[in-house]
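Got a structure here, written out as structure tokens. Questions coming.
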Amino acid sequence: MPSTSFPLLETIDDPAQLRQLARAQLKVLAAELRGFVLESVSRTGGHLSSNLGTVELTVALHHVFQTPHDRLVWDVGHQTYAHKILTGRRERMHTLRQQGGISGFPQRGESVYDTFGTAHSSTSISAALGMALAAKRKGESRHTVAIIGDGAMSAGMAFEALNNAGVADCNLLVVLNDNDMSISPPVGALNRYLAQLMSGRFYAAAKNMGKTVLRPMPPLLEFAKRFEQQAKGLVVPATLFEKFGFNYIGPIDGHDLDSLIPTLDNIKGLQGPQFLHVVTKKGQGYKLAEADPVAYHGPARFDPAVGLVKSSTAPRLTFTQVFGQWLCDMAAHDERLVGITPAMREGSGMVEFEQRFPDRYYDVGIAEQHAVTFAAGMACEGAKPVVAIYSTFLQRGYDQLIHDVALQNLPVVFALDRAGLVGADGATHAGAYDIAFLRCIPNMGLACPADERECRQLLSSAYAQNHPVAVRYPRGSGAGVAPLAGLDGLPFGKGEIRRERQRQDSNAPRIAILAFGSLLYPALEAADALDATVVNMRWAKPLDDALLRQVAEGHDALVTLEEGAIMGGAGSAVTETLNAAGILRPVLQLGLADIFIEHGDPAKLLAMQGLNAAGIRAAIAARFPAIDVAR
């Protein structure tokens, strides 16, 4: 638990208590809450900049609205630490993102105040609209609020929801948390006044009455519209959101409770869809995070008095870094290469690429569907697109992957980071399904590198193909096998035998382990005790059919191993291939179970799934009890 004293915050166990506080006390509470968030995250790691930026907004929302009766729907959800603290989870913040602890995102099973589970972006308006209309159908009177960031607002899904919500007859409030701009002091007071004015009942009624009165007089009506637009234009950009049917209010200072609370109070009395634009600053109140919000977006544990400190020892190369180096090297070799990311420059390892090749770098925003089809369009004109995307986010562009890329057999490379389990971010970010959902697509190739060296080589192999290929690799570092300097690839669709069975005279079942990806190394460790053959398959599609037949015919049983969903995964591909060839062998499929695996230490989570060396040995011994397991 944080060691600093937070006397007022320690009296708040639910928002009903917060609603009893006077405005001056709320300001004290916000200051303590910000300090608590900083101290907590410094001890556990987690998302920091975004949470420091939403403290006052969170306090104001819970103060004005009768949560949990009124629904707050957070977009993405990594900015909800203050929300969690104020809704009864303060004493559990020391378990944040740890196995058995509270999630770093909203989860319906964790609290009644978490009205909608989330971690991917741009879902809040759709969910909130559904809740608002469902409440109306039941005759329930409640307010529904979607809180969405400016980055998430760039996604098509958000605009689809706005388009629907603008014509829906319900009381929905969309709060745009804009943390990519600032309010200058001279404008702030006027903003506050106009926001309260525009959110007032008199303004809304007068605006609607004026439209009714002036409708028979088009010239006067047009003049009135232009005057209103010019008046708003003093403090806001041209408001697209009113074209969707929303009453636009703001922008207002998202760190000023004297602006937020009366404005939200006024909005509660309005009918129909409302849109409140608040401006916040990432890292607010912690100078180091304010100066570098990207570095403090998701830090590991650190000392708040010192800030982030680079390790004195050189860390092992990560798969993300391997990709970033390969991308720059291949771009220098082939000017056709273009790099595309849906707002994941840092996470996907594209910072150096952007710096060295700015005219070939495309950040399309949080828009995975667009990213995939954008790449397809570039490929049509002779470019060689490489789409750097997390495995879990490619799910959002699946139709485009099939219809726009694979159906037209376009040479697009998908670099799938965070394949498999991801640790602290939990089930929402796990890349558990890519093998299953990619291998069923015609024309698609899928590579599974075992280590850093193979990652670079298989990226080159994928790039050399004239059809779409994905290369999946896990978060963090691998076995420590240094990549080779060149750009040579490995044979497409071909694996290798990494360990041959040694005891040929044994009567025990002859076992072969077929490893896909980085689990090759625990497979090799397990094989020493089992005297099993180990095959590094490298490709989930196409499978190395010739090698598979050779291994199957020389062994009594096969074990497939993958850090992905068992159902429909690489193991399924093996059994399908053997069945089609008429080769009858028992196949033990090891991988991720048919459950959503929550947050925790990655190594411990893999062990719980039986995907470490000990678990592999135990599973094989249990399935094939006649085998001689060396101890």
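The backbone N, Cα and C atoms fix where each Cβ goes, and this holds for glycine too.
Sharing the record's features from Swiss-Prot:
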BINDING   HIS78, ALA119, HIS120, SER121, GLY151, ALA152, ASN179, TYR286, GLU368  thiamine diphosphate binding site
BINDING   ASP150, ASN179  Mg(2+) binding site
What residue among the binding-site residues ASP150, GLU368 has the most other CB atoms lying within 10 A of its CB?
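The residue with the densest Cβ neighbourhood is GLU368.
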In whole Å, how far does the CA atom of HIS78 (thiamine diphosphate binding site) lie from that of ASP150 (Mg(2+) binding site)?
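ASP150 (Mg(2+) binding site) has its Cα 14 Å from the Cα of HIS78 (thiamine diphosphate binding site).
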Among all protein chains shown, how many Cβ atoms are found within 10 Å of the Cβ of HIS78 (thiamine diphosphate binding site), not counting that one?
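A 10 Å sphere around the Cβ of HIS78 (thiamine diphosphate binding site) contains 23 other Cβ atoms.
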Far apart in sequence but close in space: which same-chain residues, 6 or more away, have a Cβ under 8 Å from ASN179 (thiamine diphosphate binding site)?
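ASN179 (thiamine diphosphate binding site) has long-range Cβ partners SER50, GLY53, GLY149, ASP150, VAL279, THR280, LYS281, LYS282.
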Ranked by the number of other Cβ atoms within 10 Å of their own Cβ, which of the binding-site residues HIS120, GLY151 ranks first?
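Answer by Cβ density within 10 Å: HIS120.
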